[in-house]
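Copied over from Swiss-Prot, here are the features:
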DISULFID  Cys25-Cys32  disulfide bond
DISULFID  Cys47-Cys51  disulfide bond
DISULFID  Cys61-Cys69  disulfide bond
DISULFID  Cys79-Cys81  disulfide bond
SIGNAL    1-23  signal peptide
Amino acid sequence: MALLNKLLCFALVFMIFGEFVTPDCYEDWSRCTPGTSFLTGILWKDCHSRCKELGHRGGRCVDSPSKHCPGVLKNNKQCHCY
């Protein structure tokens, strides 16, 4: 039930803010983005696990200022595999 509530909240946020977000925002988004990090482990794997799944030794979140959506994706981070 808690998962369903989180998914409904996530969908509602996307519907409300979707109008303010350009399609290019997706290029800046990652599993490390602070605004959606609460869904890590529920809807997607964390950075380290995803990189291992892709055949890398691991991964970590690094600062990556948003190029396309600086007003929406503040303090943006992206997953970098090593």
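We count from 1, first residue shown onward.
The backbone N, Cα and C atoms fix where each Cβ goes, and this holds for glycine too.
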> Hey, how far is Cys81 (disulfide bond) from Cys69 (disulfide bond), Cα to Cα, in Å?
Replying inline: 23
> Near Cys61 (disulfide bond), meaning Cα within 10 Å, which of Cys32, Cys47, Cys51, Cys79 (disulfide-bonded residues)?
Replying inline: Cys32, Cys47, Cys79
>> In the three-state scheme derived from DSSP, which category covers Cys47 (disulfide bond)?
In response: helix
> What subset of the disulfide-bonded residues Cys32, Cys47, Cys51, Cys69 lies within 10 angstroms of Cys79 (disulfide bond) at the C-alpha level?
Replying inline: Cys32, Cys47, Cys51
>> On the three-state reduction of DSSP, what should I expect for Cys69 (disulfide bond)?
In response: coil
> Once near-sequence residues are set aside, which residues in the chain of Cys51 (disulfide bond), 6 or more away, have Cβ atoms under 8 Å from its Cβ?
Replying inline: Arg57, Gly58, Gly59, Cys79, Cys81, Tyr82
> CB neighbours of Cys69 (disulfide bond) within 10 A?
Replying inline: 18
>> Using the alpha carbons only, what distance in Å do you get between Cys32 (disulfide bond) and Cys47 (disulfide bond) once rounded?
In response: 7
> What does DSSP assign Cys32 (disulfide bond), in three states?
Replying inline: coil
> Out of Cys32, Cys47, Cys61, Cys79, Cys81, which of the disulfide-bonded residues is least crowded by other Cβ atoms within 10 Å?
Replying inline: Cys81
